[in-house]
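Here's the structure we're looking at; comments come further down.
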Amino acid sequence: VDHYTYCILGDGCQMEGVSNEACSIAAHWGLGKLIALYDDNHISIDGDTDIAFTEDVDKRFEALGWHVIWVKNGNNGYDKIRAAIKEAQAVKDKPTMIKITTTIGFGSPNKSNSYSVHGSALGAKEVEATRQNLGWPYEPFHVPDDVKKHWSRHTPQGASLESEWNAKFAEYEKKYPEEAAELKSIITGELPLGWEKALPTYTPENPGDATRNLSQQNLNALAKVLPGLLGGSADLASSNMTLLKSSGDFQKNTPEERNVRFGVREHGMGAICNGIALHSPGLIPYCATFFVFTDYMRAAMRISALCEARVIYVMTHDSIGLGEDGPTHQPIEHLASFRAMPNILMLRPADGNETAGAYKVAVQNLKRPSVLALSRQKLPQLPGTSIEGVEKGGYVISDNSSGNKPDVILIGTGSELEIAAKAGEVLRKEGKGVRVVSFVSWELFDEQSKEYKESVLPSSVTARVSIEAGSTFGWGKIVGSKGKAIGIDRFGASAPAGKIYEEFGITVEAVVAAAKELI
């Protein structure tokens with residue numbers, strides 16, 4: 001684990017906002033083993049970069065705090081590039097950018113240094129002309145003997161280096177068995193036996209709390225048993241409740257700490273967490289902001305899903321329940337949009353047990369990220385919720401019917417599960433057979449057996465009401481054409497949480513009325 005990290009940049013990368021976010025914090029952290037090789041060819045898809053990009057990149061990176069090296073002839077100045085890398089490796093206290101000026105399509109007699117070669121193939125005729133121009137007589141995919149010889153020597157060199165490292169680690173393991181075991185678990189990704197026992201459990205007698213606060217309890221409990229758990233917030237730690245109380249801040253002079261201060265860099269934060277997750281199976285990064293601000297980092301979250309990276313996205317202030325901050329801060333379409341994204345778990349817990357269950361699921365899923373949507377407002381600890389239920393995605397928390405034939409099924413998520421439960425009580429007093437279902441994760445429920453899904457949502461029962469303080473988009477799949485989805489299909493408003501729930505019709509009374517219409 002004493003390696004360097006190399007990053008390849010193009011002109012387009014330098015224009016993207018996320019690169020500035022990442023490069024800014026890399027310099028702040030003094031990441032001396034990060035070396036970026038910038039292919040400076042001044043060509044973009046639409047033409048010369050002069051049409052949109054004229055800044056002095058060298059000075060910008062120097063201002064950020066990077067060491068900057070310029071290789072003026074990148075087409076065949078191999079010795080200069082090699083020397084630049086050695087110089088970069090010698091700089092220990094800051095990252096290095098090596099700007100390598102090149103000609104795009106170098107060697108092509110008709111298309112070099114033109115934007116036509118940026119995103120298109122040369123074509124058979126131009127490939128042949130390029131081969132002749134470069135003096136390359138070999139057949140396609142042929143590797144000349146001198147290249148084979150140069151390349152093949154790296155195999156025994158690599159084996160020797162690996163053997164040396166393993167011997168060094170074996171010696172370290174004898175001297176420091178506990179530290180070695182911890183390091184090995186981070187390298188292999190093997191979870192400690194019984195780690196899930198650290199998750200707190202709750203009863204209805206426990207005081208109610210916002211799920212963001214319950215999330216912090218779970219994070220701190222897990223940090224004691226999962227040494228690879230680390231993360232932080234985009235300048236909202238005191239609101240997202242993501243601080244690990246047993247750790248200090250990860251900074252240039254304290255790299256052993258686990259609280260990461262990402263600053264207001266949502267996109268960069270997500271991208272950094274992807275890198276952490278993909279570096280070692282035993283590293284479990286989490287990052288946090290308000291749920292609505294996932295709009296600033298959605299590209300990184302999509303990459304998490306695409307790359308099968310176990311990143312835990314802790315997203316608080318998950319609905320109109322956040323109150324007076326109003327529609328700019330109130331997520332509406334976000335739950336639906338993440339449910340539409342492949343290979344990502346969207347989890348919306350209702351109380352302490354479900355929050356613990358969400359964290360158990362997030363840690364266990366090695367090949368996909370998880371998004372936890374958490375409330376700002378206080379919620380009760382509900383009867384019938386469980387960690388095991390969350391693992392199924394959807395499950396029954398209460399039911400007074402028999403024979404898997406309730407008169408109506410009320411389906412709630414997160415803060416609205418309480419509304420579903422209270423509406424169920426009202427209807428039962430009126431003699432109705434009511435099943436209340438917590439639907440924490442659509443994705444997990446979809447993965448259950450047909451028999452299990454039928455036991456929760458029997459196909460014979462078409463009287464179904466869903467309650468969620470977000471877009472109703474997609475709920476037709478759950479409630480069916482004869483059911484009713486109660487939600488919000490417009491932007492929110494600035495008002496106290498209780499008042500705004502009434503104004504938007506997300507109330508016990510509205511659920512009861514909808515259920516009666518369907519029965």
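Note: Cβ is positioned from N, Cα and C throughout, glycine not excepted.
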For the thiamine diphosphate site that Swiss-Prot lists with Asn41, His118, Glu266, Phe293, give the additional residue from the candidates Gly12, Gly65, Gly321, Gly323.
-> Gly12
So Swiss-Prot lists His118, Arg212, Ser239, His317, Asp325 for substrate; which of Arg60, Arg376, Arg428, Arg435 goes with them?
-> Arg376
For the Mg(2+) site that Swiss-Prot gives with Asn41, Ile43, which of Asp11, Asp56, Asp58 also belongs there?
-> Asp11
Diameter of the thiamine diphosphate binding set by C-alpha atoms, the set being Gly12, Asn41, His118, Glu266, Phe293, in angstrom = 34
Sparsest-packed of the listed binding-site residues (His118, Arg212) - C-beta count within 10 angstroms = His118
Tell me, which binding-site residues from Gly12, His118, Ser239, Phe293, Asp325 are within 10 Å of Ile43 (Mg(2+) binding site) if we use the C-alpha atoms?
-> Gly12, His118
Say you check the Cα of Asp11 (Mg(2+) binding site) against those of the binding-site residues Arg212, Ser239, Phe293, Asp325; which is nearest?
-> Phe293
Nonlocal residues around Phe293 (thiamine diphosphate binding site), in sequence order (Cβ under 8 Å, 6 or more apart) = Ala234, Glu266
Counting across all protein chains shown, how many other Cβ atoms sit within 10 Å of the Cβ of Asp11 (Mg(2+) binding site)?
-> 20
